[in-house]
Amino acid sequence: MGFLTFLIVPLLILGISGIVYIYREVVRLMSRSALKNKVVVITDAISGLGKECSRVFHSAGARLVLCGKTWEKLEALHDALISVADPSVTFTPKLVLLDISDINNMEAMGKEIQDCYGCVDVLINNASMKMKGPLQSVSLELDKKIMDANYFGPITLVKAILPHMISRRTGQIVLVNTIQGKIGVPFRAAYAASKHAIQGFFDCLRAEVEEFDVSVSTVSPTFIRSYHVQPQPGNWEASIWKFFFRKLSYGAHPVEVAEEVLSTVSRKKQEVFMANPIPRAAVYIRTFLPELFFAVVATGVKEKHFVEEEK
């Protein structure tokens, strides 16, 4: 009996693994087929995540409108996409020069985006401005700049695109946010505030447009790592406090997040957290045991000051 168990258990594990793999591949292929011919707008397409989103949606057969504030980088992305794509199953992306923080020009930009294909099926809000530092050292001017880039700009674009989705009774609006839209991290006050604001806006938006068959989704990783930058051992960025909010050792890779965005769009998921159990637990602890959460946060801040004083 023991020998049979020794043989059966590995085979059972292997069989289950095979079934899971096949299921994931089927879901992935269905996700891509569901996006063929869809008009997908990606803001800040020239960022690391923007490029990966452009790649996966382009290969899925979507009609892309790529937005960014540097024309040369948009053209380079355009050339990179068409150089590796099969022209018989993909569409040539259209480009729109867009600075998401330029609120006064957003209505005109929304019209230009609409005019690319006559409609928008999916709007992916990917643009974001990051900042860290003690809150008392951040000027009000910089606070406003961050709010323009992370909140006022994106919602102004949403308001420009939304009426057309409502009139067609179809569409999906996606926000690539961060877990800092749910919990605040010290020394990122302005950034966390902007992310809380945009999260609240999307939560309200979801309820208000459901009757018009417009879907609203948020994808929130702990943070998205760059391709090249990694924290140096021993510094504050690599400390136990960073571990508390990470997805992987150095955050979620743009490729991983882009695939999740693709899955979220095709399956119309409402909210996705890309996080390991520790930051997931932090969100719930903040809600149900706030005193404990605040104590842990304060301990992390004290640890930082202690390390700096020792240096």
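Cβ from N, Cα, C; glycine included.
According to Swiss-Prot:
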ACT_SITE  Tyr191  active site, proton acceptor
BINDING   41-65  NAD(+) binding site
BINDING   Thr178  substrate binding site
SIGNAL    1-18  signal peptide
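It is 34 Å from the Cα atom of Gly61 (NAD(+) binding site) to that of Tyr191 (active site, proton acceptor). In sequence order, Ser128, Lys195, Ser220, Pro221, Thr222, Phe223, Ile224 are the residues near Thr178 (substrate binding site), counting only same-chain partners six or more apart with C-beta under 8 A. Taking a C-beta cut-off of under 8 Å and a sequence gap of six or more, Leu49 (NAD(+) binding site) has these contacts in its own chain: Asn126, Val176, Ile224, Pro254, Val257, Ala258.
Here the recorded positions are Phe57, Tyr191, and the one ringed by the most other CB atoms within 10 angstroms is Phe57. Counting only the Cα atoms, the space from Phe57 (NAD(+) binding site) to Tyr191 (active site, proton acceptor) is about 28 angstrom. In this structure, the C-alpha atom of Val41 (NAD(+) binding site) lies 24 angstrom from that of the residue listed as 'active site, proton acceptor'.
The binding-site residues shown are Ala45, Cys53, Val65; of these, the one with its CA atom nearest the CA of Tyr191 (active site, proton acceptor) is Ala45. Secondary structure at Phe57 (NAD(+) binding site), as computed by DSSP, is helix. Each of the binding-site residues Val41, Ala45, Cys53, Val65 was scored by the other Cβ atoms within 10 Å of its Cβ; the lowest score goes to Val65.
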